[in-house]
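Pulled from TrEMBL:
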type	residues	note
BINDING	R37, D94, E95, S96, K136, G153, D154, H231, S232	substrate binding site
BINDING	H107, H132, D133, H205, H231, D264	Fe cation binding site
Amino acid sequence: MTGSGVEAKTVTENETELVLDGGFVMPQANSFGHTFRNYAAESQRQGGVENFYRKNHIYQSFDFVKKMREEYGKLNRVEMSIWECCELLNEVVDESDPDLDEPQIEHLLQTAEAIRKDYPNEDWLHLTGLIHDLGKVLLLPSFGGLPQWAVVGDTYPVGCRFDESIVHHKYFKENADYNNSAYNTKYGIYSEKCGLNNVMMSWGHDDYMYLVAKENKTTLPSAAMFIIRYHSFYALHREGAYKHLMNDEDVENLKWLQIFNKYDLYSKSKVRIDVEKVKPYYLSLVEKYFPAKLNW
């Protein structure tokens with residue numbers, strides 16, 4: 001990781017595409033021909049996506065999140081390597097994502113390779129691209145087979161007011177916390193600049209992978225852990241909500257997350273990656289930053 005501040009690469013725009021200086025082309029349309037993260041567009045998946053968020057917003061309460069963190073924080077389900085986990089994701093499709101219908105392993109490598117091309121010296125960021133979604137194994141029977149609404153989708157703080165910028169906000173009205181005076185104010189149980197590390201986030205693959213990396217003593221830098229934990233926190237890094245809870249370290253790390261998000265979002269394409277060709281490079285990064293086997 002470079003020691004100086006973060007400077008985003010120049011972006012040029014025309015009617016059909018966005019291009020980063022490093023050569024990575026960000027298409028304007030997703031796999032279904034719609035703009036990215038368009039939750040109103042008509043497509044074969046939109047009805048399912050909205051129903052997903054209805055359940056997510058009703059059931060993701062403070063008590064539910066606390067229970068899930070305690071249960072999955074034990075990391076007592078399986079012992080395996082990072083790459084073994086990557087391979088497990090081949091059968092996972094994220095129902096909350098209106099842009100993607102490819103197996104997750106394709107998206108992980110598309111993201112990592114696009115970052116690698118533009119930021120060749122930031123190997124920690126390449127690895128973060130590869131592993132950021134590994135927590136989606138929570139959907140698999142061996143990890144409890146959690147419902148989609150408890151694994152994927154946008155994340156947001158619990159324990160304080162649900163910001164109106166959160167997609168499909170209307171469904172929060174049925175959440176147990178919505179009318180709870182302890183949780184429904186701007187700060188709720190938190191305080192000004194308390195730091196996101198002290199904020200409870202809705203439960204899902206982000207927080208789970210963060211716990212796995214942290215408890216298995218990864219040597220990834222703080223910015224990588226921030227990206228893993230908050231890459232689905234669109235209310236923050238896209239809408240600018242909840243910044244009153246951030247401390248100085250969060251502010252610095254957010255710069256890296258916003259760079260990362262361009263690749264996470266726009267690399268969802270039909271371009272196939274030669275897995276065997278790139279595998280040795282990523283295995284070397286795994287060895288650098290993680291133990292051979294991890295508790296999950």
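FYI, residue positions are counted from 1 along the chain as it appears here.
In case you wondered, yes, glycine gets a Cβ from its N, Cα and C as well.
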Problem set entry | From binding-site residues H132, D133, H205, D264, the one whose Cα lies nearest D154 (substrate binding site) | H205
For this session: Taking the recorded Fe cation site as H107, H132, D133, H205, H231, D264, identify the other residues of that chain whose CB atom sits within 8 Å of the mean position of the site's CB atoms, giving them in sequence order.
Result: L108, T111, K136, D206, S232
For this session: For D264 (Fe cation binding site), identify the closest of the binding-site residues E95, K136, S232, judging by Cα separation.
Result: S232
Exercise. Hey, what's the Cβ neighbour count for H231 (Fe cation binding site) at 10 Å?
Worked result: 22
For this session: Report, in whole Å, the straight Cα-to-Cα distance of E95 (substrate binding site) from H107 (Fe cation binding site).
Result: 14
For this session: Select the most exposed residue of E95, D154, D264, where exposure means the fewest other Cβ atoms within 10 Å, treating these as the binding-site residues.
Result: E95
Exercise. Around H205 (Fe cation binding site), how many other C-beta atoms are within 10 angstroms of its C-beta?
Worked result: 27
For this session: Let me know how many other Cβ atoms fall within 10 Å of the Cβ of K136 (substrate binding site).
Result: 26
For this session: Please report how many Å separate the Cα atom of E95 (substrate binding site) from that of H205 (Fe cation binding site), as a whole number.
Result: 13
Seminar exercise, completed: For H107 (Fe cation binding site), the number of neighbouring Cβ atoms whose distance to its own Cβ is within 10 Å equals 23
Exercise. Hey, how far is H231 (Fe cation binding site) from K136 (substrate binding site), Cα to Cα, in Å?
Worked result: 13
Problem set entry | Cα-to-Cα gap, H132 (Fe cation binding site) vs S232 (substrate binding site), nearest whole Å | 10
For this session: Report, as a single number, how many Cβ atoms besides its own are within 10 Å of the Cβ of H132 (Fe cation binding site).
Result: 25
